[in-house]
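Peer 1: Dropping a structure here in structure tokens format, bear with me for questions.
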Amino acid sequence: MAPKPRVLGIVLAGGEGKRLWPLTADRAKPAVPFGGNFRLVDFVLSNLVNAGYLRICVLTQYKSHSLDRHITTTWRMSQMLGNYVTPVPAQQRLGPRWYTGSADAILQSLNLVYDDDPEYLVVFGADHVYRMDPSQMVADHIASGAEATVAGIRVPRHEATAFGVIDTDESGHRITRFLEKPADPPAVQDDPNVSYASMGNYVFTTKALIEALKQDAGDENSIHDMGANIIPMFVERGTANVYDFDRNQVPGSEERDKGYWRDVGTLDAYHDAHMDLVSVHPIFNLYNQQWPILSVPPTLPPAKFVENGMALDSMVGPGTIISGATVRRSVLSENVRVSIGASVEGSVIMPGVRIGRNAVVRNAILDKNVVVPDGATVGINLESDRAAYTVTASGITVIGKGVTVAR
Ligand code: ADQ
């Protein structure tokens, strides 16, 4: 058997996530809580670790404290085996500047690449909810002889304006055109309503990426972005391939969640992805233990339901008490209280939230420690919600960390 290739994981986690405001008011987007007891970054890290890639640098920047803390506490690896998941803030090794873009983030962190000396770099984004075995993509990269491989997924063409869009040659493997967030995305050959989008996940042959990053650093017109600058450089050279996400097989995946990938870049997408979790036959199955999404649960007692309190089609975190209240189609994190007569529906409730007696919460996202006083409502009168909070295009009311709702 051939020896396992030496691979270093690089997770791009420096994005600001402006469109997730107010959830990113106080934290980086990859640190935004998701699914009751995860943070967004846990999905990519679980995918890498499940594939056996146990040396990972997470490049952080924007409001990185809670992300750094989460990685260093939750993702501590065995030093003895030389494994690590390490957050890497901008260190200004190349001058007094932050990371100017995702390519500059890797350029400024090359010392870690030199130290590790991997043959291949797996460079993945940190903002997506999905299951993927990256080792299958690495095997594809090695077999094809490409210098850069981009993971591709078919998306509705009208959504493709938010992504890098891929055009291939007839073989369907070699990338002939890569358009970063095009206004008029090209469609795939067999369907005018579908485009082939980049998932923002790449595999590179190390030497080739280092050369490309250095060449890009000297280009005054570059914004030093992986999608806008580096991938097109490999496409021009004719050494960029696409890896079709549809071909990825994850142990324990079922037909319905096979190929599930969500860019939770907007509040509506974030809310929708939670509703995917609580449907009776979940479209994304968090309970697949053959490819677990990893996290360290808090040391709290199990959730408790008293005084006819109930939660239906919902997920409820530890330490949460539902007392004489009804919760439907919702995800409740740890340490939440829902009091007598209250009703919660279609909502995402983060740790420490307090929902008072007879309060009503509908189609809402309540960030950590929000207080909904007795009798108050959220998501009922969208006009008044809009005046005080964020209300999304599809009518989801979002309330930022620690806010006490007016009665
Ligand atoms: P976007 O997500 O819009 O598109 P970007 O904002 O660069 O691109 O984010 C990509 C990843 O890099 C995210 O995980 C983000 O946190 C991180 N990142 C952004 N700026 C960074 C910085 N300065 N330092 C470190 N990390 C940083 C990208 C691709 C598209 C692709 C979509 C898929 O450019 O081609 O289609 O991802 O969602």
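We number each residue from 1, going along the chain as drawn.
Any Cβ shown, glycine's included, is placed from N, Cα and C.
Relevant sequence annotations retrieved from TrEMBL are reproduced here:
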- Y99, G164, E180, K181, S198: alpha-D-glucose 1-phosphate binding site (BINDING)
- 9-277: domain 'Nucleotidyl transferase' (DOMAIN)
Peer 1: Over all pairs within Y99, G164, E180, K181, S198, the annotated alpha-D-glucose 1-phosphate binders, what is the largest Cα to Cα distance, rounded to whole Å?
Peer 2: 22
Peer 1: When you measure from the Cβ of Y99 (alpha-D-glucose 1-phosphate binding site), how many other Cβ atoms are you left with inside 10 Å?
Peer 2: 24
Peer 1: Drop a 10 Å sphere on every Cβ of the binding-site residues G164, E180, K181, S198 and tell me which sphere holds the fewest other Cβ atoms.
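Peer 2: Relative to the other binding-site residues in G164, E180, K181, S198, K181 has the fewest Cβ atoms within 10 Å.
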